[in-house]
Each structure stands twice: as structure tokens, then as C-alpha cells.
Amino acid sequence: LFFTFFLIMYLFTLVENLAIILVVASDRRLRRPMYFFLTHLSCLEIWYTSVTVPKMLAGFIGVGGGKNISYTGCLSQLFIFTFLGATECFLLAAMAYDRYVAICMPLRYAALVSWGTCVRLAAACWLLGLLTPVLPIYLMSQLTFCGPNVIDHFFCDASPLLALSCSDVTLKETTDFLVSLAVLLASSTVISVSYGNIVWTLLHIHSAAERRKAFSTCAAHLTVVSLFYGTLFFMYVRTKVASSINFNKVVSVFYSIVTPMLNPLIYSLRNKEVKGALGRAFS
């Protein structure tokens, strides 16, 4: 049952995100900064799920090593997963800035969000994401593990690994908390300030139709942000390793598998331009 459930979601995620990438690449009307960042997000979502789900599926049916994973493989999976999660936070912040400039400073949009700026922003997002797990993974590699070696989780995540350590995990746990908090606060502050200014601008638009049109351009992004950040704040900005492992597993499945599957649906259903491009591509 779990195998079928996760396989369907994984395949659905791959197809959806590949469709978004191909449609944006093939439709000239979507060659704008907003969709440039969307293709980066879709590429990231494919990689994000591919880091954990194939190994998880192999474990369910006992092929490719089954449920076994080496210590190095486990740390590598955790590093890449954390790197991609942090990168997504920064990409969503960059997309919020793009919407802020488009709605609040439309006359300066071409100058402030040029293609060169977009490339630099995207590169900064990936670089900051890559640096995020360096210290946490280094500290994890210094811990001693003894006794049980069974990870009570669907993949290698920090909390179940710390639960297996016989070392003092206080420094590691505190570092995880501070790094997670820094990434989430930095990116969510950019998003909050951007949308605060957007709301303020919308309140000064007298036409209700114009307000709806302006807000519709960022409704999909705001929905994705709410889903992603809500689960991440709940999951990682805590210091208790001993919190319910089963509940953590449910939450981690939501942000690692369900959210990447929902994001393309949200963008295609809530964004008229993407919906129109998909219709033209498959007509």
C-alpha cells in the first residue's frame, strides 16, 4: 500500500514539474523573470523528491539494498535534502521580491529585475542553500553511534539520527535549530516584507477589478509559501529530539513528497498564464 501510494505521488510529481519546465521553455509568453524562477523551482522539486523517494520505494519492496543504507550514504542523503530544502526557501523569497517589484514598482520592473539580476539571484539562492548544511552535517559526522542502527523514518533525517547517537547531541541540536531558524527567518522576512508592501499597494488601488488582477499574479506563490513554510516551521524550529517520531514521519512526508506534488498543480490552477500555456501545449 505504501509502495503504491508513494510511487504514484512520485511519478505525478515528475510529470507535473517536467510539464512546467517544458511549457515555460517552449512558450515565449512565459519567458519572464517570474517563470524563470518557476523553472528553477520545478527542477529543484524533481531533485528534492528523487533524493529520498526512489530509495524509500526500494526499501518497501526489498530491492537495491532494501532498507539498508551506508553511514556515508545516509549523511549524503541528509546533506542534499537539507541543501535543496534551504535553496527552496531562498527561491521562494526571490520570487516574492519579483512579485513585489512587479506590483509596487511596475515602471522600474525592467531595470530592477533584469535577466542579469535574475541569474545572480538564482545563483545566490543555490549557493546559500549549498552552504546551509555544511556545519550541521560536519557536526553529525563527529557523533558516535552505538547500539541500535535502525532509523525509524522513511529516509535519513536529522531527528531520528540524533535519537540513535550515544554522544551528547546538545551542540548538534542547538546548531540545527539556529541554522534552521536563520534560513527560515531570513527568507520569510523577505517574503513578509514583500507581501506587506504588496497588500499596502493593493489597498490604494481604487478599482476592485485591478486589485483582483494584481493579486492573482501572486496568489499561487502565496499558497505555495504557506504550505512549505508552515510545515518547515513546525518540523524544524524545535529543540526536542524526543518528540513523536511517528508524527514527525507524517509531517516530513508532507513537505518532502506531498508539497512538491501540489506545487505545480497550484501554479497551473491559480495562474492563468501557466494554465493557458499548458492548454496550448496539449491542445
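Every residue, even glycine, has its Cβ placed from backbone N, Cα and C.
According to TrEMBL, the domain 'G-protein coupled receptors family 1 profile' annotation covers 16-267.
Among the features that TrEMBL reports, transmembrane segment is placed at 6-25 (among others).
Non-local neighbours of the transmembrane segment (46-66) in the same chain are 2-3, 6-7, 9-10, 13-14, 17-18, 77, 80-81, 84-85, 88, 154-155, 256-257, 260-261; each lies 6+ residues outside the stretch with a CB under 8 Å from one of its CB atoms. What TrEMBL records for 46-66 (among others) is transmembrane segment.
Under the heading transmembrane segment, TrEMBL lists 78-97 (among others).
Feature annotation from TrEMBL assigns transmembrane segment to 109-131 (among others).
The transmembrane segment annotation in TrEMBL covers 177-203 (among others).
According to TrEMBL, the transmembrane segment annotation covers 215-237 (among others).
Feature annotation from TrEMBL assigns transmembrane segment to 249-269 (among others). Tertiary proximity for the transmembrane segment (249-269) is limited to same-chain residues at least six positions away from its ends with a CB under 8 Å from its CB atoms, namely 6, 9-10, 12-13, 16-17, 19-20, 38, 41-42, 45-46, 48-49, 52-53, 81, 85, 152-155, 157, 220, 223-224, 227-228, 231-232, 234-235, 275, 278.
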Check your understanding: Across the domain 'G-protein coupled receptors family 1 profile' (16-267), what does the pLDDT come to on average, as a whole number?
Key -> 86
Review point. Given the transmembrane segment (78-97), which of the listed stretches 6-25, 109-131, 177-203, 215-237 has the most Cβ pairs that are under 8 Å apart from it?
Key: 109-131
